[in-house]
Amino acid sequence: MWRDHLTQIIVFGVLFLGVSALGFAASRWRRTGSLNHLDEWGLGGRGFGGWITWFLLGGDIYTAYTFVAVPALLFAAGATGFYAVPYTVIVYPLVMFALVRLWSVSYKHGFVTPADFVRKRYESRTLALLVAITGIVATMPYIALQLVGIEAALKTMGLVGDSGFTRHLPILIAFAILAAYTYSSGLRAPALIAFVKDSLIYLVIIVAVIYLPFKLGGWGGIFDAAAAKFEASAAPGDGILLNANNQLNYVTLALGSALALFLYPHTATGILASRDRGVVKRNMAALPAYSLALGLIALLGYAAIAAGTKPVLGDNNTIVPALFDGLFPAWFAGVAFAAIGIGALVPAAIMSIAAANLFTRNIWVEFLDKGASPAREARVSKITSLLVKFGALLFVVGISPQFAIDLQLIGGVIILQTLPSVGIGLYTRWFHKGALIAGWAAGMGAGLWMLYLVPNAATKHEHFGGSAIALSKLGFDSPRTLYVGFLAVAVNLAVATAGTLILRAAKVSDGGDGTAPADYTADRSAPEREVSRYTEAAV
Amino acid sequence: MTNGNDRSRWNWLLAIPVALPLATFLFNFDGPRLGGFPLFYWLQLAFVGLVVAVTTLVYRLSKRER
């Protein structure tokens, strides 16, 4: 009942509304030009310095995924969920220089999206279109995950309707507010709110990792309680350590997720909004600090086991909110719920902006409305940012996988198919554009087919139940599991490589290359930086 | 517009924090525990420190070479 949670609801409500007001006010923050331009609305003026970028990218990467989905996986399945830690460790050294190159070539040519880059690099509208559509579709389940995160906090406070439409009403209201300020302020809204989000989150984490073990008999006791639970359960894959069958899945998940993160359109948005190459590089060195927080939050899944917490309404995703509800004083639980809710709003806003930019630049202007003015471009983007959120809602209603985390992992399978054209394309123009299209089709087909084969053990659905596929499903005599995205992108790369060799041998003409090698190392020049309109003073 | 340069032999150092966390067979054990954390957990959290150190080092070294 919501009446039992009144204190929490008031604290949550005040913080949530305060942040929303900040979102609307953000349209005036660091304003350098008219918001009726995609560089302003969609990239915040391309002038964010080190600190803002740190908060913005942190908001991009550490989301409801961190606070809700990862601990839920540890709570239910154990060690396998901890893959999120190696994933967010290896991603920075792995993609550091690729992202710096992406920044340079985009700065030089005024790209707003990864598909803009592909368009120029391969001089192919078709390939750019595929990359754009892939980005939009992959982003929707990731936004859906944020919805699930907010919903977990709302459910724990008893803010959940009885049936059908009203069941989702609270989340619809929260999302309407988000949609409104994203529409009016663009990327400045999440950039500004990210400060509040991170302050709240760090506050909650520090309290949680000190206070909870103290109440639960120390970390040793927490791990022992988790081990005992998994020992007693009938499920074969769980435990506080990996086993022979899921070790490969763990490694491929970490690697696949890291590559996927770098390809997601909202990562590009965060990177392109920064001021120069140095900002990007310094952030690659500083961002892992968040991963430590992520790892500790993940372990709250075990703390919930030790505390004997029961998920609300049988929904595993509520495990961390339910833990806070049980062990924190009511007012602080309210603060923690607000941290979760706001932590989901920031990335949801950035993701919808990124998807909207893709639609506008690479579908609308490219195919439907050539020569649209910057003002019209910005308007189309604003409207699309609303539509994308509806798409995310459809994912929540349509696909309800066993774990919320699978929404992000399914998105990962999709976005990984742009690895050859975007990721490898930043280094070499070797692939033939026709072969890249064939590879994309093969990888996407294989990925979706494998996802279709994955059953859901909890709901007994036969299909789309997760992202780890048993090799036995593919005709191999082995119970080992693997991340679908990893296999799919391997198919993609194999086809693209073979296709390139064949097309070259057959002398089929390939498009040109609209970029020069020096473009990939271009930087905003120092004198320009000094007289720059953008200053760090505001922070 | 100026030009940066990414090429540096120090960049190879970045392979360490990529490869080590993926070699799960090296640390998929309960002991030795540290502050109650099994090896599997404390070591992976320690890799966060490693990656910060290595990326910072590479950034500094590549800046000096320029």
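Along the chain as shown, residues are numbered 1 onward.
Including glycine, each Cβ sits where the backbone N, Cα and C put it.
Positions annotated as transmembrane segment by TrEMBL: A:6-27 (among others). Counting only same-chain residues 6+ beyond the ends of the transmembrane segment (A:6-27), those with a CB under 8 A from a CB of the stretch are 35, 153, 157, 159, 174, 177-178, 180-182, 184-186, 188-189, 191-193, 196-197, 200, 325, 330-331, 333-335, 337-338, 341-342, 345, 349.
According to TrEMBL, the transmembrane segment annotation covers A:48-77 (among others).
Under the heading transmembrane segment, TrEMBL lists A:83-105 (among others). Listed as Cβ neighbours of the transmembrane segment (A:83-105) (distance under 8 Å, sequence separation of 6 or more from its ends, same chain) are residues 61-62, 65-66, 70, 111, 114, 117, 250, 253-255, 257-259, 261-262, 267-268, 271-272, 274, 276-277, 280-281, 284-285, 287-288, 290-291, 294-295, 298, 423, 426-427, 515, 519-523.
Among the features that TrEMBL reports, transmembrane segment is placed at A:126-145 (among others). Only residues 6 or more beyond the boundaries of the transmembrane segment (A:126-145), in the same chain, are considered here, and those with a CB under 8 A from a CB of the stretch are 63-65, 69, 113-116, 118-119, 264-266, 347-348, 351-352, 354-355, 358-359, 361-363, 366-367, 388-389, 391-396, 399, 404-405, 407-408, 410-412, 414-415, 417-418, 421-422, 433, 436-437, 440, 444.
Packing against the transmembrane segment (A:165-183) from elsewhere in the chain are residues 16, 20, 23-24, 26, 147, 150-151, 154, 159, 189-190, 341, 345, 348-349, 352-353, 382, 385-386, 389, 393, 396-397: each is 6 or more residues past its ends and has a CB under 8 Å from a CB in it. Positions annotated as transmembrane segment by TrEMBL: A:165-183 (among others).
Residues 15, 18-19, 22, 55, 58-59, 62, 67, 221-222, 293, 296-297, 300, 303, 307, 323-324, 327-328, 332, 335-336, 338-339, 342-343, 345-346 of the same chain, all 6+ positions outside the transmembrane segment (A:195-214), place their C-beta atoms under 8 angstroms from a C-beta of that stretch. Here TrEMBL flags A:195-214 (among others) as transmembrane segment.
What TrEMBL lists as transmembrane segment is A:250-273 (among others). Sequence-distant contacts of the transmembrane segment (A:250-273), counting only residues of its own chain at least 6 positions beyond either end whose CB sits under 8 Å from a CB of the stretch, comprise 42-48, 53, 56-57, 60-61, 79-80, 82-84, 86-88, 90-91, 94-95, 98-99, 102-103, 106-107, 111-114, 135-136, 138-139, 142, 187, 191, 242, 280, 347, 350-351, 353-355, 357-358, 409, 411-412, 415-416, 418-419, 422-423, 467-468, 482-483, 485-486, 489.
Sequence-distant neighbours of the transmembrane segment (A:285-308) (same chain, 6+ residues past either end, Cβ-Cβ under 8 Å): 50, 54, 57-58, 61-62, 66-67, 70-76, 81-82, 84-85, 88-89, 92, 201-202, 205, 208-209, 212-213, 215-217, 219, 221-223, 225-226, 229, 240, 319-320, 322-323, 326-327. According to TrEMBL, the feature transmembrane segment maps to A:285-308 (among others).
Sequence annotations record features per position, and here TrEMBL assigns transmembrane segment to A:328-359 (among others).
Per TrEMBL, transmembrane segment is recorded for A:380-401 (among others).
Under the heading transmembrane segment, TrEMBL lists A:407-427 (among others). Residues 65, 69, 98, 101-102, 105, 114, 117-118, 121-122, 127, 131, 134-135, 137-142, 144-145, 148, 253, 256-257, 259-260, 262-264, 395, 399, 401, 436, 439-440, 443-444, 447-448, 450-451, 464, 466-467, 483-486, 488-489, 492-493, 496, 520 of the same chain, all 6+ positions outside the transmembrane segment (A:407-427), place their C-beta atoms under 8 angstroms from a C-beta of that stretch.
Residues or ranges marked as transmembrane segment in TrEMBL: A:434-454 (among others). Sequence-remote contacts of a segment are chain residues at least 6 beyond its ends whose Cβ falls under 8 Å from one of its Cβ atoms, and for the transmembrane segment (A:434-454) they are 122, 124, 126-127, 130, 134, 410, 413-414, 416-418, 420-421, 463-469, 473-474, 484-485, 487-489, 491-500, 502-503, 508, 510.
Feature annotation from TrEMBL assigns region 'Disordered' to A:510-539.
Taken from TrEMBL, the feature compositional bias 'Basic and acidic residues' applies to A:521-533.
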